[in-house]
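Among the features that TrEMBL reports, compositional bias 'Basic and acidic residues' is placed at 1-16. Residues annotated as domain 'Major facilitator superfamily (MFS) profile' in TrEMBL: 73-497. Under the heading region 'Disordered', TrEMBL lists 1-22. Per TrEMBL, the feature transmembrane segment maps to 69-86, 111-132, 139-158, 164-188, 200-221, 233-255, 315-333, 353-370, 377-396, 402-425, 437-457, 469-490.
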Amino acid sequence: MAGVPEIKRVRPQHEEYMEDSPEAQAIHEKELRDAEALRELAPDIPLREALEAQTAADQIRLKKIMRKVDFRQISILALVYIWAYIDRSNLGNVNIAGMRDDLDTNVGNRYSVLTMVFFIGYPLVDIPAMYLTRKVGPALWIGSIGVAWSVITIGQGFCHSWTALAVCRALLGLLEGGLVPGVLYLLGCWYTRYEIGTRIAAFYVIGIMSAGISGLLAYGLEKMDGTAGIRGWRWIFIIEGVISGVVALASYFLIIDFPEKAAKKNSLGLPRFLTPEEAALVLARIEHDRGDAVEEKLTWNLFISYIKDWKLWEFSLYLLLNNAALYAFAYFLPVILKDGFGYSTAKAQVMTFPPYLVGGVWMVICGVLGDKLRTRGPIMIANCVIFIVGIVMVVWCTGTRARYAGVFIGQMGTVGNIPLQWAYAHNNLVGQLKKGLAMAMMTMGGAFSGIIAGNAFRSQDAPGYRPGLWMSIAFNILYGILIAKNIFLFRRQNRRADRGEIVLLGQPGFRYTL
């Protein structure tokens, strides 16, 4: 994990900035107001004192705190996401392992329906999930939905009709939809603007690679065919569901609450993670970084003002455009490898893993690079180009090796943008609740992309799935155009703020991240 930068105040990136300038004074006044607001919510946390503290001892202590947060928080959240992602994406592996023969999922568009119904519940739960993560506590919320979806996953192994399986998939989506908005909202409250990309990459990379691991697991679990009179594909659901439940139970005890609540017992009555002084140091660095360490009070008028911001809607569109390709790989790659490339079932299961491994490494590189360079957009555009090159190879190359190489390249392009698009939203919005709402809306955009992918990759288009692949190319072209537009727009706005003509987003010292 990347090192933790020192506590320092938000300051514009231009030479005219001075410590005694009006903008610097406005920043300091805002920090003091936030310190007073936190005093009302958590009187034992000395935020004002921490805002003024800049000692070397504080820096050393803070680095130790954040390393501890990295190790515990990122690890358990990533583990939960691993099994959520496996429970979600194992459908393709299970399908070629015998489910399509037993439940006739290859008849008509049944398999596409099974992939699509998972995402119907997402839009219903995403915004409430953000609220409930804060209200009941992340450990209780994430642990509870994790236990519930593990039960549903096990239940899929006992379905004897494709319609019963479709009901389970819909319930699974309704529960898993509450995970990502809560997790990203929580991480955004712990990390600064140019740490968040690396942490999101660390959270996601294990989950994304687990889609490949799912193929290896399916290959092994399929060998249990006939054990206790149960078919191998059913054991895949059952065993993976049991493991998912164990991880969810562990998350009750390991997930850390929000920084201002981490200095007291959590919602389950478990011991505090930080002392009040440590919590104040964490909150002070967030306040210095972006001025929103203290949660604003949500009102209807404030909610409406957030919804009116075009950026929330465009950021949500990014997930729709990028994740359509991501879900296409998750659900249809095993089918493409088996029926399109002519691989055996066993080889198709195993060969799903290498592209995810390479994509996972590339995702981390993109996340770290974005934080180091303090930019997102140019890397996101490059990933769109990389994806298009890979898909073109899959569609037009005739040799199996060349087409399989295209899978690697396409996977790199689509997963490389995952941490960047979330960090891009975090960097270009102000306010905890607004960012939380953005995370929920973006997850909804990702859900709609799953519905689109399920319809675009139709059974009658197998094994090549040309219409779906063409759609993915078009989506990435539009994605790149939108980011390029923002680079121009945000740079112009930053220059106006540098000249003192405007205050961006009502936050003194704020500058957009390109």
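Glycine is no exception: its Cβ is also placed from the backbone N, Cα and C atoms.
What you see is a predicted model, and the numbers here were worked out from it, not measured in a lab.
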Intrachain neighbours beyond the transmembrane segment (437-457), with Cβ under 8 angstroms and 6 or more residues off its ends:
112-116, 118-120, 122-123, 126-127, 129-130, 173, 177, 180-181, 184-185, 188, 303, 306-307, 311-313, 315-328, 331-332, 421-422, 425, 429, 465, 467-468, 471
Could you tell me whether the transmembrane segment (402-425) and the transmembrane segment (111-132) have 3+ CB pairs under 8 A, leaving out pairs under 6 positions apart?
no
For the transmembrane segment (139-158): best-contacting stretch of 69-86, 233-255, 469-490, by Cβ pairs under 8 Å:
233-255
